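Beneath this line is the structure, given in C-alpha cells, with notes to follow.
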Amino acid sequence: MVFRIASSPYTHNQRQTSRIMLLVLLAAVPGIAAQLWFFGWGTLVQILLASVSTLLAEALVLKLRKQSVAATLKDNSALLTGLLLAVSIPPLAPWWMVVLGTVFAVIIAKQLYGGLGQNPFNPAMIGYVVLLISFPVQMTSWLPPHEIAVNIPGFIDAIQVIFSGHTASGADMNTLHLGIDGISQATPLDTFKTSVRAGHSVEQIMQYPIYSGILAGAGWQWVNLAWLAGGLWLLWQKAIRWHIPLSFLVTLALCATLGWLFSPETLAAPQIHLLSGATMLGAFFILTDPVTASTTNRGRLIFGALAGLLVWLIRSFGGYPDGVAFAVLLANITVPLIDYYTRPRVYGHRKG
C-alpha cells in the first residue's frame, strides 16, 4: 500500500479573504448607523468618498505593478481600509482630507510594502495619523451629538460643507461646531483633557453638556456600544478571535480604574475610557487585523494588553485626546518580537 504525504497546511479554512472582509464590513453597520444618528449625514458622505478613493488608488497602483486589478479589488480589503478611516475622522472634514488619508493608506502603507499580507502597519491608522499630525485642528473638530447640538446639517448641507466649507444658508464650520449656549463642543476625551489642563475639577467637568450621557459622553457611549455589538457578532461568526479584544479592554479598564482611584481629580473614570473615542472600534475592528497583529494566542493576549496600556497612557499623559491609532501602530512594531518569543514549541523538541 502506498501512502501519499501531502505538504502542509493539513487543515483548511474555506473562508476566503474577501468573505472575511465582507463580514467585517457587515459588522460595521451598527457602528455606522449610530454615527449617522448622532453626528449626521457627513459620516456617510465620508464613507462614500473614502470607498471611491481607496478603490481608485489601489487600481492605479496595481495597474502600474502590472497585477490583476479586478481580482485584487474583489478581496474587499481596500473598502475596509477606506471605511475604517472614514468613520475615524470628523463627519464634516474637508473632502480632500479623506482622499489624502486613504490614498496615503493604500499607496504608502499597503502597496509600497507589496500589498495585502505584506504591510507591517495598519494602513487605515497610518492614514489617520498622517492626517492628525498634519491637520490637527480639522481632525479634532467633531460636531456635538444631536442630543446637545444646535446645528446638525442634513444630507445636502453635509455635502456642501464637505466640498465648499459652508451650507446653502451660509453657515460655515465655526457655526456648525457651536453647541449649547454657543460653547464649542469636542469629544468627551478631548474636553476632559483640555479642561483638566485648564485647572477645572473633575466634578465641574462632569457637569458639561457633553457628559450628559448615562455612562460616558453624550452620543459617544451609544456609538461605542454599537461598535461593541458589531464586534460581538464578528466573534460569533468566528471572523476574529477573542484574545486581542478581551486583553485590550481588560487592560484599559484595569489601568483606568487604578489611575482613577489614585488620582480622581486629574484622570478620567474607567467608563469614559471604555465608552468614548475609538475604544470599541479599535478593540474589534482595528487591532484584530490579521496581517498586522500577533499570530499566536499568547502573542495576541500580549499584543492586546500592550495596546490597552498605550491607549491609557496616551489619553492620560500624552498630547492627544484619544490615542488608539498611535497605540495600534506602536503595538504593530512589537509584533515580530512578540511572535518570536511566543511561538509554540514543536512537538518532540526541547525549548530553546
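Placement of Cβ uses the backbone N, Cα and C atoms for every residue, glycine included.
Feature annotation from Swiss-Prot assigns transmembrane segment to 20-40 (among others); the stated evidence is sequence analysis. Beyond the ends of the transmembrane segment (20-40), by six or more residues, the same chain brings 47, 75-77, 79-80, 83, 87, 91-92, 142-143, 145-147, 152-154, 158, 219-220, 222-223, 225-227, 229-231, 233-234, 237, 239, 280-281, 284-285, 290 to within a C-beta distance below 8 angstroms of the stretch.
Through the fold, the transmembrane segment (42-62) approaches residues 32, 35-36, 68-69, 72-73, 78-79, 81-83, 85-87, 89-93, 95, 98-99, 101-103, 105-107, 110-111, 143, 153, 155, 158-159, 161-162 of its own chain, all at least 6 residues removed from its boundaries and within a Cβ separation under 8 Å. According to Swiss-Prot, the feature transmembrane segment maps to 42-62 (among others), an assignment based on sequence analysis.
The transmembrane segment annotation in Swiss-Prot covers 89-109 (among others), and the record cites sequence analysis as its basis.
Tertiary neighbourhood of the transmembrane segment (123-143): same-chain residues 39-40, 42, 80-82, 84-85, 88-94, 97, 100-102, 104-106, 108-110, 149, 152, 173, 176-177, 185-187, 190, 286, 320-321, 325-326, 328-329, selected by CB-CB distance under 8 Å and a gap of 6+ residues from either end. Residues or ranges marked as transmembrane segment in Swiss-Prot (evidence: sequence analysis): 123-143 (among others).
Residues or ranges marked as FMN phosphoryl threonine in Swiss-Prot (evidence: sequence analysis): Thr187. Within the same chain, the residues at least 6 positions away from Thr187 (FMN phosphoryl threonine) whose Cβ sits under 8 Å from its Cβ are Thr140, Trp142, Ile210, Gly217, Trp220, Ser276, Gly277, Pro321, Asp322, listed in sequence order.
As annotated by Swiss-Prot, transmembrane segment applies to 214-234 (among others).
Taken from Swiss-Prot, the feature transmembrane segment applies to 242-262 (among others).
The transmembrane segment annotation in Swiss-Prot covers 267-287 (among others).
According to Swiss-Prot, the transmembrane segment annotation covers 301-321 (among others). Beyond the transmembrane segment (301-321), the same-chain residues lying 6 or more positions past its ends with a Cβ under 8 Å from any Cβ of the stretch are 132, 140, 186-187, 189-190, 192-194, 243-252, 255-256, 259, 267-268, 273, 277, 279, 282-283, 287, 293-294, 327-328, 330-331, 334-335, 338, 342.
The transmembrane segment annotation in Swiss-Prot covers 322-342 (among others) and rests on sequence analysis.
As a quick check, the transmembrane segment (214-234) and the transmembrane segment (267-287) clear the bar of 3 or more Cβ pairs under 8 A, pairs 6 or more apart, so the two touch. DSSP assigns Thr187 (FMN phosphoryl threonine) to coil in the three-state reduction, placing it in neither a helix nor a strand. Cβ atoms under 8 Å from those of the transmembrane segment (267-287) belong to residues 24, 27-28, 31, 84, 87-88, 122, 124-125, 187-189, 192, 202, 213, 215-217, 220-221, 224-225, 227-228, 230-232, 234-235, 240, 244-245, 248-249, 252-253, 256-257, 259-260, 293, 303-304, 307, 311-312, 315-316, 321-322, 324-325, 327-328, 331 of the same chain, restricted to positions at least 6 beyond its ends.
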